[in-house]
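Student: Okay, so Swiss-Prot annotates it like this:
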type	residues	note
BINDING	42, 43, 44, 45, 46, 47, 48, 49	ATP binding site
DOMAIN	6-231	domain 'ABC transporter'
């Protein structure tokens with residue numbers, strides 16, 4: 001069995017909205033392993049993105065716990081949490097969040113520079129990752145000079161350049177047309193296999209979700225395997 005990266009145990013999340021106590025997630029159990037792909041689908045407002053934020057340590061559960069590489073995220077100080085997250089997790093969102101004043105290469109270098117790599121090391125690793133996503137020839141172009149699909153490829157390269165254990169993606173193809181969405185997903189799945197990275201993707205697109213090894217449905221704050229899905 002492949003390495004266990006993330007584990008949710010009885011995870012729940014509540015928010016206060018005025019005088020109301022709103023239950024968003026309850027009783028969630030989930031394991032994410034290296035090299036496995038998981039799609040999470042559900043209606044808008046069902047809690048998909050909230051779960052992804054909790055998996056990534058960007059938010060904490062109201063009950064239960066999340067283990068990242070065996071460490072309970074609730075027990076960590078902010079410095080240790082940030083270090084663990086930066087070392088083991090990559091994030092991709094619907095909007096690419098590339099810095100417009102920098103080239104594709106410089107954007108992909110950024111996580112490595114933040115991690116104290118030298119510019120030479122960062123540039124070499126970033127260029128290698130841009131080559132993997134088919135953007136080596138566009139490395140000197142700024143975000144505004146790239147197409148929508150190219151910008152999302154650059155964002156994925158940036159998320160993977162630190163070689164994280166798991167990539168968490170929130171609607172990564174949501175701003176793309178159908179052809180580009182398929183191409184980007186193909187690339188993510190290929191890199192998942194090549195790098196042995198766990199992949200968790202939140203999407204509203206049932207067709208794209210069907211490409212993953214496991215599909216989970218978020219409904220009424222609970223997570224269930226999709227009937228008839230692979231897994």
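Keep in mind that glycine also has a Cβ here, set from the backbone N, Cα and C atoms.
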Student: Which one of these binding-site residues, 42, 45, 47, has the sparsest Cβ neighbourhood, judged by other Cβ atoms within 10 angstroms?
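Tutor: Result for the binding-site residues 42, 45, 47: minimum number of other Cβ atoms within 10 Å at 45.
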Student: At 10 angstroms around each C-beta, which of the binding-site residues 43, 44, 49 has the fewest other C-beta atoms nearby?
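Tutor: It is 44 that, of the binding-site residues 43, 44, 49, has the fewest other Cβ atoms within 10 Å.
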Student: Neighbours of the ATP site 42, 43, 44, 45, 46, 47, 48, 49: Cβ within 8 Å of the Cβ centroid, same chain, sequence order.
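Tutor: Apart from the listed residues, the neighbours are 218.
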Student: According to DSSP, which kind of secondary structure is residue 45 (ATP binding site) found in, if we only use helix, strand and coil?
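Tutor: Assignment for residue 45 (ATP binding site) reads coil.
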Student: By a simple count, how many Cβ atoms lie within 10 Å of the Cβ of residue 46 (ATP binding site), its own Cβ left out?
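Tutor: Around the Cβ of residue 46 (ATP binding site), 22 other Cβ atoms lie within 10 Å.
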Student: State the mean pLDDT for the domain 'ABC transporter' (6-231).
Tutor: 87
Student: What count of other C-beta atoms do you get within 10 angstroms of the C-beta of residue 48 (ATP binding site), across all chains shown?
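Tutor: A count of 24.
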